[in-house]
Structures are given as structure tokens and as C-alpha cells.
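Following: one structure in C-alpha cells, then a few remarks.
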Amino acid sequence: MKAYWFDNLPGDQREPHDSGREVSPEHLSKLGILHFNYPNVADVDALAMERDYKNRDEVTISPEAMGDIYEEKVKNFFHEHLHEDEEIRYILDGAGFFDVRNEGDEWIRIRLEKNDLMIMPAGIYHRFTTDSMNYTKAMRLFKEDPKWTPLNRGEETEKNQFRQEYLKARTSVSV
Ligand SMILES: CSCCC(=O)/C(O)=C/O
Ligand SMILES: [Fe+2]
């Protein structure tokens, strides 16, 4: 895992966009994001049990696995959105980038590679992209039934209960 400020420069979303300024794990944890490196899936199972996760699936995001819809999928994952539940993403193979908004509404880019696991809180604005290798195989873990609907950023989503709860939880935390 490597986290850094996104450079906001034009260019393909799959390029690193590395500003050269790293972000610490402490900064991420203040945004409610946790990272672990688990070479053994037994550790993922233990974490899932401890945090009361009941469902999981696996997804392969690549042109080979997705065919003609790959480019469209990659563009869709990159729309800024939030989810109404906490989610775990565990990279089984390949790599990818999650961009998350920090408390100052700036993008932080998190590069995840094989065996990286990230816990993302409900209500955080984020987006995802594969890197220039165009291959991410991931396990997605859900507390309950998967709530797939991404809520795109906008006036309505700003008022969303889970967004408001996320902001409230973060106001007591200074970076
Ligand atoms: C690497 S898992 C697929 C992307 C995803 O689950 C998500 O929530 C993107 O925002
Ligand atoms: Fe998402």
C-alpha cells in the first residue's frame, strides 16, 4: 500500500498521478480508513468474523474478464460516490487505486496491491480505478446484503444520513 496526495493533473485516471507527497497511515486512520497486509486469507476470515461481516464476493476487473464493457465499468467506478455501509476490499491479484476525499475535500490516492486489505467507512466520498496494467482481482466483503448502489456526489447525497454521520464522527478528529 502506498498513499499520497493526488496530483490533480490531466491524464489517464490509470496513471499514478503521484504528487510525491506521501500520506501517513495515521492520516488515513483519522479519515476512518484502515489498512492491513494479509498474505493468508485466514486473516481476512478472522477480521470479517471480528467485525461481523456476513457476505463476500470476488470480482475481476480486466478487459479479458469483462470484454467490451471494461472501459465503461472503469469510468463508472471513477465517478465520485459514497456507500451506505462500511466495506472491506481485499486485493487477491493485480493492483488498483482508491481515491478518497480528505477533511479538506482533497483527493488522497491509495495504491493497493496483492494481499492489501482496506476498510472504508460508510459515507466517505471515493472512486476507484485500475492502474495501467488493467487488472484488479478483489474480494469485496459486506456486513449485510451488498448495497451496490453508489450514491454519486451531489446535493441529495450531501444530506444523506450516512454522509452526515461520517462527517460528525470525523469532526472530533484533528489531523
Ligand atoms: C476493487 S473492488 C471494485 C470497486 C469497488 O468495490 C468500489 O466500491 C469502488 O468504489
Ligand atoms: Fe465504491
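Heads up, the Cβ atoms here are built off N, Cα and C, so glycines get one too.
Listed in TrEMBL:
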| type | residues | note |
| --- | --- | --- |
| BINDING | HIS81, HIS83, GLU87, HIS126 | Ni(2+) binding site |
| BINDING | HIS81, HIS83, GLU87, HIS126 | Fe(2+) binding site |
Going by DSSP, give the three-state secondary structure for HIS126 (Ni(2+) binding site).
strand
Per DSSP, three-state class assigned to GLU87 (Ni(2+) binding site):
strand
Is it possible to get the count of other C-beta atoms within 10 angstroms of the C-beta of HIS83 (Ni(2+) binding site)?
20
Using the Cβ center of HIS81, HIS83, GLU87, HIS126 as the Fe(2+) site position, which other residues in that chain lie within 8 Å, going by their Cβ?
LEU82, MET120, ILE124, PRO150
